[in-house]
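What Swiss-Prot says about this protein:
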type	residues	note
ACT_SITE	LYS209	active site
BINDING	40-69, 103-104, ASN108, THR134, LYS284	NAD(+) binding site
MOD_RES	LYS60	N6-acetyllysine
MOD_RES	LYS60	N6-succinyllysine
MOD_RES	LYS76	N6-acetyllysine
MOD_RES	LYS95	N6-succinyllysine
MOD_RES	LYS121	N6-acetyllysine
MOD_RES	LYS141	N6-succinyllysine
MOD_RES	LYS145	N6-acetyllysine
MOD_RES	LYS149	N6-succinyllysine
MOD_RES	LYS149	N6-acetyllysine
MOD_RES	LYS242	N6-succinyllysine
MOD_RES	LYS297	N6-succinyllysine
MOD_RES	LYS321	N6-succinyllysine
TRANSIT	1-36	transit peptide
Amino acid sequence: MAASLRLLGAASGLRYWSRRLRPAAGSFAAVCSRSVASKTPVGFIGLGNMGNPMAKNLMKHGYPLIIYDVFPDACKEFQDAGEQVVSSPADVAEKADRIITMLPTSINAIEAYSGANGILKKVKKGSLLIDSSTIDPAVSKELAKEVEKMGAVFMDAPVSGGVGAARSGNLTFMVGGVEDEFAAAQELLGCMGSNVVYCGAVGTGQAAKICNNMLLAISMIGTAEAMNLGIRLGLDPKLLAKILNMSSGRCWSSDTYNPVPGVMDGVPSANNYQGGFGATLMAKDLGLAQDSATSTKSPILLGSLAHQIYRMMCAKGYSKKDFSSVFQFLREEETF
C-alpha cells in the first residue's frame, strides 16, 4: 500500500486513507510489514457485478480467498484460479476470520449473516466482518449487535464508483463502525479502493452511501433530460456533452457516465445499457433514502420524484438495464 492512515482536517474530524497521500517513510514500512505479515485467507461472499472485480483485486494483492456465492457458476473462475470455494456463509466463517460481504439487498445481507447457514453460525471470536452491501442503516445496526454478541466486529463499508472503479481498484469506501478497528478494515479495503473514509459509528457508512446515490439518481435524470432536450432542439449529442462538461452543469453523470448512446465509449449506454448498476438497485437505494427521510422528517422532493421514476422504469421493462437507461426511458415515454 502506498499510503498510510492520516487525520486530515482536524476541525472536521475527517479521517480517511487515500493512495494519493504519501506517508512518512517509517509509516510506509509499518503498513507494508503489517500487510505482508497478515495475508491469511479472506472470506468473500457475493460475486456479482461489483463483488467479482473486488475479490479479484484482493487476489492481485496476494490474499488467498474463501469464496461463496448463492450462484455456483459465479465461483467457477475463482475455483479455476485456485481459490477455495465453500457451500455456505457459515463455512466461510469457519475458515476465515476476516470476511467481506457484497450483496444486493438488506434481505440478502440478513440471510448471509443470520440465516440457517449464515456467518453467525460459525463465526470466530475476534473476527472482522465488513459488509460492503448497500442496505438500510437500521439493518446494519442490528447485524452489528448480533455480531458483537458473538465476540466479533462488524463494520458497514458500502462503495461508490461503479463497476469501472471496482475493476481498477479505485472505489471509494464509506466506513461505519468502531474507530479502533478502522485500520484493520483499511488494510483490506485499500486493496480495492483508492479512498477509504471513516464516517462514524455503525450505520453512518450506509447513511453516506444512501445520500450519495440519491444525488446520483437526481443528477442522472437531470443529465438525461438536458441531453434529450438539446438533441430535440437540434444539437449534436457529443457537442452538447462537451459544452455541459466545460460549463456549470458538469457532473459525474455527464462527464464520466453519460447516458446517451454514442457519446462515450466503455459505459453502459455504449452497450445497450448492459452491465453497470441496475435500475432495480437504484430504485432499491432510493427506497432506502425515502425510508430514512420519512424516519428523520427530512424533505427530499427531488429524491422522492427520482424514486417514482425508477420504479416506473422497472415496471416498464428496464429493471435489468443500467440506471443510465433513464435517458432511453424518457425518450420513449412522452406522456408525463
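Glycine too: its Cβ is placed from the backbone N, Cα and C atoms.
Keep in mind that this is a model prediction, so the values were computed, not measured.
Ranking the modified residues LYS76, LYS145, LYS149, LYS242, LYS321 by C-beta neighbours within 10 Å puts LYS321 at the top.
Rounded to a whole value, the Cα-Cα separation of ILE45 (NAD(+) binding site) and LYS95 (N6-succinyllysine) is 13 Å.
Under the three-state DSSP scheme, LYS121 (N6-acetyllysine) falls in the helix class. Put plainly, the recorded positions LYS60, LYS95, LYS141, LYS209, LYS297 were compared by Cβ crowding within 10 Å, and the winner is LYS209.
In terms of C-alpha distance, the listed recorded positions LYS60, LYS76, LYS149 place LYS60 closest to LYS242 (N6-succinyllysine).
Between the alpha carbons (Cα) of LYS321 (N6-succinyllysine) and LYS121 (N6-acetyllysine) lies a span of roughly 36 Å. Comparing the binding-site residues ILE45, LEU65 by how many other C-beta atoms lie within 10 angstroms of each C-beta, the top residue is ILE45. A C-beta separation below 8 Å, combined with a sequence spacing of at least six in one chain, links ALA55 (NAD(+) binding site) to PHE44, LEU47, LEU65, ILE67, PHE78.
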